Amino acid sequence: MSNESKCPFSGHNSKPQVTVGGGTANLHWWPNQLRVDLLNQHSERSNPLGKDFNYRQEFKKLDYYALKADIKNVLTDSQDWWPADWGNYTGLFIRLAWHAAGTYRMGDGRGGAGRGQQRFAPLNSWPDNASLDKARRLLWPVKQKYGQKISWADLFILAGNIALESSGFRTFGFGAGREDVWEPDNDVNWGDEKEWLAHRNSEALAGSNLAATEMGLIYVNPEGPQASGDPRSAAPFIRATFGNMAMDDEEIVALIAGGHTLGKTHGAAPADHVQADPEGAPIEQMGFGWANSYGTGVGKDAITSGLEVIWSQTPTQWSNYFFENLFKYEWVQERSPAGAIQWVAADAEAIIPDPFDPSIKRKPTMLTTDLTLRFDPEFEKISRRFLNDPQAFANAFARAWFKLTHRDMGPKARYLGPEVPAEDLIWQDPLPAASATPSSASIADAKAKIVALGLSAGELVSLAWASASTFRGGDKRGGANGAHIALSPQREWEVNKKAVETLTQIEELKASTQLSLADLIVLAGNVGVEQAAQAAGFNITVPFAPGRVDALQSQTDVESFQLLLGLADGFRNWKKQGVNTPAEVLLIDKAQQLTLTAPELTALIGGLRVLGTNWDGSQHGVFTQQVGVLSTDFFTNLLDMSNVWAPVDSTSEVFEGKDRKSGTVKFTATRNDLVFGSNSILRALAEVYAQADGKEKFVQDFVAAWTKVMNLDRFDLA
């Protein structure tokens, strides 16, 4: 058999193998290519459960306390393939839950535990998640037993809670409701570094959406910045990373100390004994990674972080030993068996139990970042208070742990299960209880009063969009429910200036209707859409679901809500001054946060432009002579080859469209507008609506996408 005739998949042919999805990708040739593909993540094509599956309904069939009992049994059912420290997986499951939730960042609301992402790359193979593949596999028999009645995302967090409870700790509660997805969240920017554990400075962290000091870590390097072994210099990095998760100093101290009250780290030998992570491991390892050639590779020979630290005399039982040991002893720097920097209590007796040999005792050990809680002045004050008041520490940790593990779930209305705390917490963006649903007659009366105001379709639509478009699909915050546009800080946002002028008139109607202001705002937008569609020759009724309520200023964390402003809203042609990111990139970001598909994005932009909804009243992208008519003019004029476009200055932010022959300026546009003609994917979508038979479809698609945005935060309708 000649070389030329050998099978190309046999491994014996020197010719390049042709594989599906292989070869040089578009992003190689055009690394700045617009990521329109991010709008098509998590489609029905990747979901094996189908579009009719309802997790909330399935969860209600669950025997919740039987599930808890089964998870508790797993804790002490040590497996030979991954033996439990002290015969108990408590520390491992706490770390599993912590690291599932700890990727959340409040800046853009992405990351976190809400979608079970730790099952997928890159998180399943982050250096900081080493050995959590074993924790997930330990839970598989439980997941297999209960099936779709419990998601992996909920199971990870619940396992952490049960681990704490089994140690004698009283948790604050648990809310289920995290729905699994079936592929990685490719929209999350984990950083630009191309090497694991590449370091970032604290100033850059504080001004970014990144939640870790190094690529592949959950928070900070436990050896200190760049493994310096300096507890004091670690403080600003700790504050920056935990601060990006909305944690204050007390919560930081409570979380670090509470998380390190139980369990241990693993560093039996140098890292050169450790093989590939799960994504890079050989197929026969069946999704496991970090195979360890040192000794048995498990148990006393385990290598995870490379650190070998046990903080407490009772590492499977809740105690105050972390703080007692932290302040009782003088700490001397040492190296773990793996060569990592850690600290040992030089003046202590050997009082720490060995995890596998009860005849062996060790001296207390700490991480560099643990000592930060003693040597940073502000952290030290809190730590001493917790030292002297163990109950205050336990209460603070219980609340901080609940916040850590639920911060990305959105409003409490999404929580499921019998252990949801009754208390409303400010970070949950609480809302008043809903009153009686308004009748059809009262809705019709309110619509008539809105029409009587004589406001334009664009004014009505602009207000509703400003109210609803703050929604973030990552952490389920924002949206029209609550009418937060009437409160600080949203009422003062520059981008809402014209919308608030309309809001003032809608507010005056509230007393004479049976609707909440939040409902009135959305209804006003619907009226505007209906008027614009009628002007285009289509009589439609935009779906309206009443039941929204009005938040109080006292229920609104101004600093937290300020983050919902974001960097841009390309739907209104607004971009924050000083932001250098191209507008079209931020438009995709905004659309992805609104959970829009590429076709929905296209329909909404085309409709909003012809209605004249730019934040400042400018004519950029308003490619029509019939402003207020829900026409396809945006698309037909954008794709009209009689127009030629050029930037008005060197920034290439604003463009003029001139008649190709006469040179007369016909339109102006931003990058948000022209991208629907320049990007090949978005142009293909724009062409659908620019075609002769696209008018009715456009109106239908716009109304559907509009209604979706108006209801994004209506979790009560699910």
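Any Cβ shown, glycine's included, is placed from N, Cα and C.
Feature annotations, courtesy of Swiss-Prot:
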SITE      ARG95  site 'Transition state stabilizer'
ACT_SITE  HIS99  active site, proton acceptor
BINDING   HIS260  heme b binding site
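Sequence features, as recorded in Swiss-Prot, placed on the structure.
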residue: ARG95; record: site 'Transition state stabilizer'; Cβ neighbours (10 Å): 25
residue: HIS99; record: active site, proton acceptor; Cβ neighbours (10 Å): 22
residue: HIS260; record: heme b binding site; Cβ neighbours (10 Å): 25
Task: Reduced DSSP assignment, the residue listed as 'active site, proton acceptor' - done: helix
- [ ] Between the Cα atoms of ARG95 (site 'Transition state stabilizer') and HIS260 (heme b binding site), find the distance and write it as a whole number of Å.
- [x] 10
Open item on the list: Distance check, please: Cα of HIS260 (heme b binding site) against Cα of the residue listed as 'active site, proton acceptor', rounded to an integer number of angstrom.
Closed with: 14
Task: Three-state secondary structure, HIS260 (heme b binding site) (per DSSP) - done: coil
